[in-house]
């Protein structure tokens, strides 16, 4: 299957004759421009003569792929070609367990409260005109292209509302992308429309030419063969899998017939001592609900087999073209997922490990094989890390994340964070759900059994802390209960026991203060020492206003 019209007599290497760029064409920069790029941006590059040897970067992004429930199990080739050839992170998190806010954080290196991207709608700033004007010029791909001279290639799902007529339609190509093959709106496998450098192309339901994961694989291989060889490249390939509707390729539709959703300790149990949205789930789940989520779990794994094929093809092509040894490859997901945990059928959005923890595998120059890192990283670190690879200083950006390139290269005596912020603004319907008339307005994502996965006051913020002594999660809800959840994940990895009422009050106060600090952080202040870091300083007076009242928690309809 080929998406690009390639000349039969075209050599297999060379400039992009038929790959037309999404923004104005990106020829190799003249020597003076290259010098300006080096001096003004990517200072890590040691001279124009070495520009062709700057590292390439590939970012592979899955959609809704969990880590906690075994989401990497189907990806045997991916684990062998990336994880075993480099580093696997066992503590990788997202700052918001929902597609658009998480993807916006990846692109910008910022927490949701600094983006005001709060959900998957235009009103929630997902690919809105405001996002396009304020944030897109400052994404790390835009910096790679404008300041570092990288060719930039995108293929797949961008943001959930991309292509909306009220926000430029499919003609909008975000600043910073040389080659643009973006899916209109949310993940599909057939019957979708792509923006090919700003021009719409419809696809049907013929597997050989339309199955989206394979389409993305083929157009990516074409880019590798027909790009310019005079400049480094960055590729972002964003697959639909394993997002619903979970349509597997024909050859994989009978795979994993004996696989079921994991029956771990928090499967199909009541969420005791948790906030009301979790407590409202019906326990035990009905047989029909369990059959549904088992089927969904199986189909999710089936769709990932095509992603595994994509990764294999990509790595083999990089090797064939002589570029593999000079290319960093990242594999991750935008959020986790749950299937029956605390009797919630299927979704993401919640604060628990299964929704906020994601796979992260990296290989590349200077990374030793077969490594596992326990260092606490987040998807806001991807942009800073990739810019660091390109030689661009994080200090020139307003990003909240940190570069973990030193971790990848085995730096010793490294000063690193001990906590990250997780924040989410709940969504609800203004009217009663017609399928569940007994429920009040304000809930959403409801299933036929009238179990709802979201609500207006499912709005929370958490500090996820990992240090030598502590493995904690502290969360506060913006609801009438003023609910707090705290978990010691060393003793309670499945988050069964909320210890908010039994934990040391002094520690609780420190965590509350740290949460407020992180919710108001921006740029460098997001990287200050956490509660358990040696450099941390706690002044309880800062928790009180001049009037002596306890400082209020920082929630608003825009998450700050």
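Count begins at 1; order follows the chain as displayed.
Backbone N, Cα and C define each Cβ position, glycine as well.
Taken verbatim from Swiss-Prot:
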SIGNAL    1-48  signal peptide
REGION    1-25  region 'Disordered'
BINDING   63, 64, 99, 334, 335  Ca(2+) binding site
ACT_SITE  99  active site, nucleophile
MOD_RES   99  3-oxoalanine (Cys)
CARBOHYD  119  N-linked glycosylation site
CARBOHYD  125  N-linked glycosylation site
CARBOHYD  191  N-linked glycosylation site
CARBOHYD  206  N-linked glycosylation site
CARBOHYD  287  N-linked glycosylation site
CARBOHYD  325  N-linked glycosylation site
CARBOHYD  370  N-linked glycosylation site
CARBOHYD  395  N-linked glycosylation site
CARBOHYD  413  N-linked glycosylation site
CARBOHYD  430  N-linked glycosylation site
CARBOHYD  457  N-linked glycosylation site
CARBOHYD  488  N-linked glycosylation site
MOD_RES   549  phosphoserine
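On the backbone, the CA of residue 191 (N-linked glycosylation site) and the CA of residue 63 (Ca(2+) binding site) stand 18 Å apart. Considering only the binding-site residues 63, 64, 99, 334, 335, the residue whose Cα is spatially closest to the Cα of residue 125 (N-linked glycosylation site) is 99. Look at residue 395 (N-linked glycosylation site): DSSP puts it in a helix. Less than 8 angstroms from the CB of residue 335 (Ca(2+) binding site) sit 64, 94, 96, 97, 98, 99, 102, 348, 355, 356, 358, each of them six or more residues away in the same chain. Local packing around the Cβ, expressed as the count of other Cβ atoms within 10 angstroms, is greatest for 334 among the binding-site residues 63, 334. Counted over every protein chain shown, other Cβ atoms within 10 Å are most numerous around 488 among the glycosylation sites 287, 325, 395, 488. Of all the glycosylation sites listed (119, 191, 370, 413, 430), 413 has the fewest other CB atoms within 10 A of its CB. Ranking the recorded positions 206, 287, 334, 395 by Cα distance from residue 457 (N-linked glycosylation site) puts 334 first. Each of 62, 65, 98, 102, 103, 243, 333, 348 belongs to the same chain as 63, 64, 99, 334, 335, is absent from that list, and has a C-beta within 8 angstroms of the C-beta centroid marking the Ca(2+) site. On a Cα basis, residue 119 (N-linked glycosylation site) lies 16 Å away from residue 430 (N-linked glycosylation site). It is 27 Å from the Cα atom of residue 287 (N-linked glycosylation site) to that of residue 63 (Ca(2+) binding site). Residue density at residue 457 (N-linked glycosylation site): 21 other Cβ atoms are found within 10 A of its Cβ, drawing on all protein chains shown.
Annotation note: residue 488 (N-linked glycosylation site) sits in a strand segment as assigned by DSSP.
The closest partner of residue 370 (N-linked glycosylation site) among the recorded positions, by CA position, is 413; the full candidate set was 63, 119, 395, 413. Look at the glycosylation sites 125, 206 and count other Cβ atoms within 10 Å of each Cβ; 206 has the fewest.
Comparing CA positions across the recorded positions 63, 206, 325, the one lying closest to residue 395 (N-linked glycosylation site) turns out to be 325.
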